[in-house]
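Asker: Take a look at this one; I'll ask things after.
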Amino acid sequence: MKVEHSLEQEKTSGNDDIDAIRTGTVWSAVAHIISAVIGAGVLSLAWSTAQLGWIAAPIALFFFALVTYISASLICDCYRSPDPITGTRNHSYIDAVRVNLGKKWTWVCGLLQYVSFYGTGIAYIITSATSMREIQRSNCYRKGANADCQTGKNIFMLIFGIIQIVTSQIPDFHNMTWLSVVAALMSFCYSFIGLALGFSKVIDNRRIKGSIVGVPAKSAAQKIWLVFQALGDIAFAYPYSIILLEIQDTLKSPPPENQTMKKASMSAIVITTFFYLCCSGFGYAAFGNDTPGNLLTGFYEPFWLVDFANACIVLHLVGGYQVYSQPVFAFVEKKLTQKFPENKFLNKFYAIKLPVLPAFQLNFFRLCFRTFYVMSTTAIAMAFPYFNQVLGILGALNFWPMTIYFPVEMYIVQRKIGAWTKKWLLLEGFSMICLLVSVVGLIGSIEGIISAKLAKM
């Protein structure tokens, strides 16, 4: 287990490798990246393709793949400071921001990061509830045409929330390795099942559905909103900048970590883009203008395989919710216990032993805070249960600041690139283009939520 220490301690010791043995390779990094990237976002890509059409959709996927690689390359060089090969290690994204951009931007970055974690938890509750409802519907349809199979999502969101209240009592990341492994395996299972079902349906249809311009809309304005929302969904599916330096911190050296990570990023992005093109393409080809927001909700046969895929989604998101929530728990609990070290409510633990289960340490603040956190995300998910729109907002909010702005600014500072030079103009122009993409994605997704909410009134 890695022992955390400060940057100042590293500089004092002169050896920043004293606390860890790093054995990671290109292929271990590729595996980490693919496991992190391929998730719930892949389920919305067929719908995004349907909005963009057969020409614009692949172009958009390649655009985000290229942007993600450029961003990853810039971040890789920020792993060590001030020199990208011989400098002192920055063990996390927020460490790199602090060293290169200062304390003020560290707070901004941290706020955006934790808001992203919180929002992803909301998205995972919506997605898991959709999958649980589809399992219930699938079983209901087998009873015959007269069966009443209409069930709302709220009951399933409550069930998922109760599960998360229990699993959120896992102390920290070091105690949930098994949950992360199960979650990663499940994400591959349902993604490949979705791809296979889409391919099978195209074969059964004996034709490729869809068009060059995508799904027709009632008006030009509505089409524009849907295209913007689709861009937000694609933005959610790609970037992994927040965790890139944590992955790079596992790599052995030599060769230099930034070189290894760039190779891993290229390989992972190529594999992911190919997989995304297949999933989105076959999904759109299978359903055409009727492509669902969540690809797996469009299939009902074979019952057992569709149910298994939806069950995999739920299992994946049980672990995925914790992956994104545990950093928030750790941050809040660490700050409060440091500020109030004598407070028993915050710091006292009670040994609890239940039959069959191993003993665990109960802390009342942890129990109350984490329960409230889960309840708040569940309540917001129940108020705004819109899968594609929520993914679009999260993708747009996270894409520019975390994937583009901070990496570009850190690279400029580290390489001492002067203002108004050719390289500076190129990097800032790249950042502004991506900002525009983020803004239109955010606007489209917000409009989608407002329209969906008004339609229910």
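Even glycines carry a Cβ here, placed using N, Cα and C.
Quick paste from TrEMBL:
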- 22-450: domain 'Amino acid transporter transmembrane' (DOMAIN)
- 26-47: transmembrane segment (TRANSMEM)
- 54-75: transmembrane segment (TRANSMEM)
- 105-130: transmembrane segment (TRANSMEM)
- 151-170: transmembrane segment (TRANSMEM)
- 176-199: transmembrane segment (TRANSMEM)
- 268-287: transmembrane segment (TRANSMEM)
- 303-324: transmembrane segment (TRANSMEM)
- 367-387: transmembrane segment (TRANSMEM)
- 393-413: transmembrane segment (TRANSMEM)
- 425-450: transmembrane segment (TRANSMEM)
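Mind mapping these onto the model and telling me what they sit next to?
Answerer: Only residues 6 or more beyond the boundaries of the transmembrane segment (26-47), in the same chain, are considered here, and those with a CB under 8 A from a CB of the stretch are 61, 123-124, 127, 184, 187-188, 190-191, 194, 198, 230, 233-234, 236-238, 240, 243-244, 247-248, 250-251, 260-261, 263-265, 267-269, 271-272, 275-276, 279-280, 282-284, 287, 291-296, 313, 316-317, 320, 387-388, 391, 395.
Long-range contacts of the transmembrane segment (54-75) within the same chain: residues 45, 48, 93, 96, 210-212, 214, 227, 230-231, 234-235, 237-241, 244-245, 261-262, 265-266, 269, 272-273, 276-277, 280-281, 284, 403-404, 407-408, 410-411, 430, 434, each at least 6 residues beyond the stretch ends and with a Cβ under 8 Å from a Cβ of the stretch.
Long-range contacts of the transmembrane segment (105-130) within the same chain, counting only residues at least 6 positions beyond its ends with a Cβ under 8 Å from a Cβ of the stretch, are 40, 43, 93-94, 97-98, 153-154, 156-157, 160-161, 164, 242, 294, 297, 313-314, 317-318, 320-321, 324-325, 327-328, 331, 377-378, 380-381, 384-387, 390-391, 393-394, 397-398, 401-402, 406, 409.
Here the transmembrane segment (303-324) has long-range neighbours at 39-40, 43, 117, 120-121, 124-125, 127-128, 131-132, 134-135, 138-139, 142, 160, 163-164, 167-168, 170, 176, 179-180, 182-184, 186-187, 189-190, 193-194, 197, 296, meaning same-chain residues at least 6 beyond its ends whose C-beta is under 8 angstroms from one of its own.
Listed by sequence, the residues of this chain that lie at least six past the ends of the transmembrane segment (367-387) yet keep a Cβ under 8 A from its Cβ atoms are 44, 118, 121-123, 125-127, 129-130, 153-154, 157-158, 160-161, 164-165, 168-169, 293-294, 325, 328-329, 332-333, 448-449, 452-453.
Sequence-distant contacts of the transmembrane segment (425-450), counting only residues of its own chain at least 6 positions beyond either end whose CB sits under 8 Å from a CB of the stretch, comprise 67, 70, 224-232, 235, 384, 386, 388-393, 395-397, 399-400, 403-405, 408, 411-412, 417.
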Asker: Would you mind listing the long-range same-chain contacts of the transmembrane segment (151-170), meaning Cβ under 8 Å and 6+ residues beyond its ends?
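Answerer: Cβ under 8 Å, 6 or more out: 125-126, 128-130, 132-133, 136-137, 140, 176, 179, 314, 317-318, 321-322, 325-326, 329, 360, 366-367, 370-371, 373-375, 377-378, 381-382, 385.
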Asker: With a Cβ cut-off under 8 Å, give me the same-chain residues at least six positions beyond the ends of the transmembrane segment (268-287) that come close to it.
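Answerer: 29-30, 33-34, 37-38, 42, 45-50, 54, 57-58, 61-62, 65, 68-69, 72, 191, 194-195, 197-199, 201-202, 205, 208-210, 237-238, 295, 298.
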